[in-house]
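A.B. asks: Pasting a structure below so you can have a look.
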Amino acid sequence: MIRFENVTKVYEQNARPALDSVSLEINRGEFTFLVGASGSGKSTFLRLILKEDKASSGSVYVAGQNVANISSWRVPKLRRGIGVVFQDFRLLPQKNVFANVAFAMQVIGKSRSIIRETVPEVLKTVGLEGKEKRMPHELSGGEQQRVAIARAVVNRPGILLADEPTGNLDPITSMGIMGVLDKINQNGTTVVMATHDDDIVNEMRRRVVELKNGKVIRDEAKALYTSMIPVVGESRRLKDASGEELNRAQGAQL
Amino acid sequence: MRLLFILGEIGSGLRRNLSMVISVVLVTFVSLTFVGAAGMLQMQINQMKGYWYDKVQVAVFLCNDGSTAVGCASGPATKEQQDNLQAMLESPAVKQYINDFQFESQAEAYKHFKEQFSNSPIVDSVSQDQLPASFRINMKNPEKYQIISETFSSQPGVETVSDQRQVLERIFSWMNGASVAAMGVAAVMIFCAVLLITTTIRLSAFSRRRETGIMRLVGASKTVIQLPFILEGVIAAVVGALLASVTLWLMAHFWLNGDLSRQFLNTPFISSTQVLVIAPVLIALGGGLAGISSLLTLRRYLKV
Ligand SMILES: Nc1ncnc2c1ncn2[C@@H]1O[C@H](COP(=O)(O)OP(=O)(O)OP(=O)(O)O)[C@@H](O)[C@H]1O
Ligand SMILES: [Mg+2]
């Protein structure tokens, strides 16, 4: 579904590349976590998939198509096949829940009857039944993120990109959001989620791709936030494979 | 659906930026009024040229009682002098330049004068003796006036040779100057209008960057994203152009064809219907300029 071939992205000359010859394939229907320290290149990875940015070298394939070969007037078509959610929700404050989700369909010319039919369905999927008329400021952060997810998937994209979708939410709310993303993934959507949230990654046990300074340093199926295989020269581990070990370590230090 | 959506976006954009939109309307209104006024002056000049040029004649005025010219030292022109001039006009040397000529006696001159100024008190203060008799010459080619002037002005009994066309030319060149000045003001105002439209669209794009960002992400086409902004500018400019057209029409209807044509009875003024020809030009000009400047602004300030 998504394939990176030796992709390098350099924003500023003589700065280190944001992505450094990344090669990676994400299959249809997969759920992939993208982890790594701040500045490791996670958002850049997602932007390249959307053709928001152009790779400096190498090729990015989305649904078998090299995005470099997509002409600018066909980029909207590419983006219709990809839903995106962000840490900061990005809802339209003057539109209610229904209108925020419907907006994504209106702007691509969906008919009113289809919108009236689809939006409530999607709101149900994300667990917002009965909240159609609420304004964004009348919702909790978790509910706002659900609206954003509903908007991202209402046009039934094959891919959902999530850039730290739980970054602003408490752990319990975050787990709720993960439930929604999981459900969407179960329905066949490929999900790529960039995150710093170790609890979530550890709980979900999905594929984990770890980036460091723009390089892929780990790509593991059904993995944890940090590798169980010690990485040579890695001294930053505060936490290990399971929470217990961490507690023990902390206890030992105290 | 998409059309309704775009219309809704335009409506909200216009409302959100109301004061800027009003200033765009006013600036395009004023600038296009000047453009239109320049156009109307040109139309008026053409109208008057068409009306007068085949009517204007070269007039050879004969001496009368009050003449002070050198050729009139011997008093009013005699019958003999008049016959002599007529013979010259019929001679082949002169005849090749003229179509025909008539003699206008003092009595006829007085009659025409009274007709022309029938509604003016000046008629009462002028007597028949004060008006000169004249030969009225229709030229084959009005540009050859110089030859007639040279031939006749030194003849005895001739007070002066005058070319009505020259008087008209002076009026026309004055009107031309006015229309050039109007175009100059219009150019400056249009420049202001373009800057203002650019700024308005930029502000509008900025205040709606959240919406357009989402539109981009969900795959809205470039047209759907940009059209509301472009139409916002175009609509404001077209409203300005309509106001300008109405103003010009009112000017033509109530001023040119009202007051002025009562004052200048034998001047052919352009009609208010003729002014309507200018309206589509103004609307196209206003809309086109707004469209192009909006498009260029969006290219720079709105990522799609
Ligand atoms: N538009 C840009 N212009 C210049 N440099 C950029 C730009 N975007 C990102 N970078 C640089 O590229 C590198 C990777 O950034 P990126 O946003 O992909 O990191 P990230 O992994 O998403 O970090 P975070 O976890 O903090 O969101 C960073 O060093 C950043 O400074
Ligand atoms: Mg990021």
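Counting begins at 1 with the first residue displayed.
Cβ atoms here come from the backbone N, Cα and C positions, even for glycine.
Pulled the feature table from TrEMBL, pasting it below:
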- B:21-45: transmembrane segment (TRANSMEM)
- B:56-161: domain 'FtsX extracellular' (DOMAIN)
- B:180-203: transmembrane segment (TRANSMEM)
- B:185-300: domain 'ABC3 transporter permease C-terminal' (DOMAIN)
- B:224-255: transmembrane segment (TRANSMEM)
- B:275-298: transmembrane segment (TRANSMEM)
A.B. asks: Taking the domain 'ABC3 transporter permease C-terminal' (B:185-300) alone, what is its mean pLDDT?
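C.D. replies: Computed over the domain 'ABC3 transporter permease C-terminal' (B:185-300), the mean pLDDT is 89 on the 0 to 100 scale.
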A.B. asks: Sort out the residues at least 6 away from either end of the transmembrane segment (B:224-255), same chain, that have Cβ-Cβ distances under 8 Å to it, and list them.
C.D. replies: 2, 5-6, 9-10, 13-14, 17, 21, 24-33, 35-37, 40, 193, 197, 200-201, 204-205, 212, 215-216, 269-272, 274-276, 278-279, 282-283, 285-287, 289-291, 293-295, 298, 302, 304
A.B. asks: According to DSSP, how is the domain 'FtsX extracellular' (B:56-161) divided among helix, strand and coil residues?
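C.D. replies: Split into helix, strand and coil, the domain 'FtsX extracellular' (B:56-161) gives 50 helix, 22 strand, 34 coil.
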